[in-house]
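These features come from TrEMBL:
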BINDING   G113, E114, S115, G116, A117, G118, K119, T120  ATP binding site
DOMAIN    20-702  domain 'Myosin motor'
DOMAIN    831-1005  domain 'TH1'
REGION    579-601  region 'Actin-binding'
Amino acid sequence: MFDWERAMMESALTARDRVGVQDFVLLENHTSEVAFIENLRKRFKENLIYTYIGSVLVSVNPYKDLEIYTKQHMERYRGVNFYEVSPHIYAVSDNAYRSMRSEKRDQCILISGESGAGKTEASKKVLQYYAVTCPASEHVQTVKDRLLQSNPVLEAFGNAKTLRNDNSSRFGKYMDVQFDFKGAPVGGHILNYLLEKSRVVHQSHGERNFHIFYQLIEGAEDELLRRLGLERMAQQYQYLVKGSCPKVSSINDRSDWKVVRKALSVIGFSDDEVEELLSIIASVLHLGNVQYSGEDSGSSYITTDTQIKYIARLLGVDFSVLKEALTHKKITAKGEELMSPLNQEQASSARDALSKAIYGRTFTWLVNKINTSLAFKDKFNSKNASVIGLLDIYGFEVFQNNSFEQFCINYCNEKLQQLFIELTLKSEQEEYEAEGITWEPVQYFNNKIICDLVEEKFKGIISILDEECLRPGDASDITFLVKLEDTVGGHAHFVTHKLADGKTRKVMGREEFRLLHYAGEVNYNVNGFLDKNNDLLFRNLKEVMCSSENRILTQCFSREELTDKKLPETTATQFKNSLAKLMEILMSKDPSYVRCIKPNDAKQAGRFEEVLVRHQVKYLGLMENLRVRRAGFAYRRRYEVFLQRYKSLCPDTWPSWDGRLVDGVSTLVKHLGYKPEEYKLGRTKIFIRFPKTLFATEEYRKLRLSAVQVQAWWKGILARRRAQRRRQAVDTIRRFIKGFMFRHHPRCPENEYFLDYVRYTFLMKLHRALPKTVLDKSWPTPPPALTEASELLRKLCMQNLVWKYCKTISPEWKHQLEQKVVASEVFKDKKDNYPQSVPKLFVGTRLDGDDINPKVLQALGTEKMKYAVPVTKYDRKGFKARARQLLLTASSAIIVEEAKLKQRIDYSALKGVSVSSLSDGLFVLHVTCEDNKQKGDAVLQSDHVIETLTKVAICADKINNININQSSIKFTLGQGKEGIIDFTSGSELLVAKAKNGHLSVTAPRLNSR
């Protein structure tokens, strides 16, 4: 079985238990909206945002970045059959591209959904896919770059922050991407529909004007702002503060400005064109700041000339003519032209109308300029170019207050829904006819009745609106509503407050009419319908614009308009006609559908609001589409694919079928027990009506194959393991014997295995028998080749043990060890009683505070006592033994007799310390002769001589000044006299004055050295 065939089926079927079905056609309870939404929710929670309904892609906005749009993902979907991999926007893009190339038919991808559902992002992904995967050359790369860079420019000028979406497209867009015979993108063309011009002069609370205004103010260089007369503060401009939302956390206007400037350069805008374009944008902001005041006569005047001067300079028009045009209108009476003053309200409306006209026409010029940049330059081959169309258009909109824009948008969606149903049914019909399968008609809501209600000549809402706009007399939005009631009041899908029943009147305003769309009921407020439909601009304002020196405006406002006596088409009629052309374009192409769904209104990742999703599922017609798809057969596959996958389930088709494919499939399904109503055999495909039939077949196949596969795999594994073990055993024995024979030779291929084994054995033995403590000196004997390495390892091991030991000791124990180290340096192998002192811990002091006279402590003052020990002092005269205390402070050693400080020896005056090598406790503190305070050296005896002298050495920093004498010690008695202490070995300790006048010390020897 081929890998792609396995992936195709298993990805479509076995994954359903974990994350639902990835094609709603395989949903068992396909009529249940609850099951439909639950499948969406289950996949959304797993970050699987794409699901199919046959060939229609349903996309749920994740509101976060997913790692599924990399170049690797693009390659995964490139050139792969539609159902071989999981649902993705790339699969739809690639399928349309391959169909265009193989069938030589133009394609279109229709992306729909409400604001914030991810339509714009989806269209970007399609363009990015073609830019990366299609063939490229230097010219083609330029076209690819321009196609991609057209997006940020159109978004800047045509998108805005709304309550539902921070980057909402406020215009409809259809883009044709042209491909040459090699399949490379070589050109493009954009059609735009119904820009929401009213946003230029008014925004609802929490919404913003078009992005470009904020980008210009936040990101433009100071010099550019100076030339345009702008300040870097959006709150200064009336057209930017209506929504009270100048800044949005999710939008970085400054960085977006840089992107737009770069994109304009890539598309081919010259510096002069950019300057003139930005001058127009700035002029709109200045127009919004033009303020009027009224006179007693009712006429109005402009309160300050500053803004008018800026506007006149930026637009390249005469100051005085512009000023007059903003406060007067030109009327013709009896062939004579007169200037009639405007009141304050009329003047403000004229100003806003001019702002909308300037921005709307500039946007159209911008789209045309991009089209010129994208145009396929090879006229000879342009007719042979293939096309993929990309429709990114507003979805069905229902707001608290719905106006003229929502009416047009929802009319557009009615037309698209009509097209969707027709093409879906048509494609199903064509496939069944091609396969010779009888088509079973499906009952569905035909929304042609609603489309006719809106667009029918003379009777439709648009015709009535146009008639009311153009008729003489006092026409208003209310008279339009009355005429609607008179003309279409009896229509089943139309109702007003006057025509409604009592219950409906409670939720409808008197200035509203309701249409029962395919997606639900919508109330439209007629206020502003006539003005928005007329979209009129006073003649003298047109004349001013036609006189502009700005080269962009000269293309936007043609002088032919001034001489043309024909009434211009209304906005609704223009939109209706452009929609009719769009339908013709789409009908001429093979469509692919992407239906975008917004999971929540808060734009939060991971949040799935069932009520909101159910509403979108309804108005997108997804359940209806599923019913159409399932009305025929849920599953269809070519004979060779079906037979290849399931032939093992029938003895007659296993292991291969040599006859006709249709006979093999017929034999197979009869063996499986398919009932006649469960399937049909076409010319090249089998059609299975119920998903449960396919699922049962798949489960049977898995049960059948699993045991065989596991058994085969396990037998293979066991056999391979046995063979491998035998080979390894023979090879090991052979190498070991040869290595043993060459073991005394230098390292060579013959003995390297043996030597490595010996080394390994030693290292493993060492691993098991490593010393556990610092005192453990055991170490295994190494082989000759590892002697040096063994010694290094031993040192490292000991260092590690010492390091580990040092890390675990407490500060007190560390201090104890430091003292013991000093004692070892001074006395080890030199003093006879040193070994007996090693196991005994040194104490902090041998005398407590109670053992020392308070007067001594008072005499010490602030000096901190570090150590105190009882000692015996021998007088200089007669060597008489006296009980004393030796106190050590930070600066001196003090000999104390009860309450008196008998002798203070500063450490600076201490020359050194002498002690014998025997086991006695006598020691002499030598002081300098120059110190007049000292009477001579101090001869002392301590029962803890090792501890005491260690403390003295540390406190006085005299470690190197302790002398250990073998037989005698000379010391100073004072007044230049000298005394001697003689040391001899004996059986017991005796200290006495000898006949020769020396101090004689006899001490037993404890250790032999």
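Each Cβ is built from the backbone N, Cα and C atoms, and glycine gets one as well.
Assigned with DSSP, the residues of the region 'Actin-binding' (579-601) fall into helix, strand and coil as follows: 9 helix, 8 strand, 6 coil. Take the CB of G118 (ATP binding site) and look out to 10 A: across all protein chains shown you find 24 other CB atoms.
With the fewest other Cβ atoms inside 10 Å of its Cβ, the least crowded of the binding-site residues G113, G116 in this structure is G116. The 10 Å shell around the Cβ of K119 (ATP binding site) contains 27 further Cβ atoms across the protein chains shown. Every protein chain considered, the tally of other Cβ atoms within 10 Å of the Cβ of E114 (ATP binding site) stands at 25. Using a 10 Å radius centred on the Cβ of T120 (ATP binding site) and all shown protein chains, the other Cβ atoms total 22.
All protein chains considered, the CB of A117 (ATP binding site) has 24 other CB atoms within 10 Å. Within 8 Å of the centroid of the Cβ atoms of G113, E114, S115, G116, A117, G118, K119, T120, where the record puts ATP, the same chain has further Cβ atoms from N61, N165, S168, G395, C596, K598. Every protein chain shown contributes to the tally, and the Cβ of S115 (ATP binding site) ends up with 21 other Cβ atoms within 10 Å. Model confidence over the region 'Actin-binding' (579-601) stands at 90, taken as the mean pLDDT rounded to a whole number.
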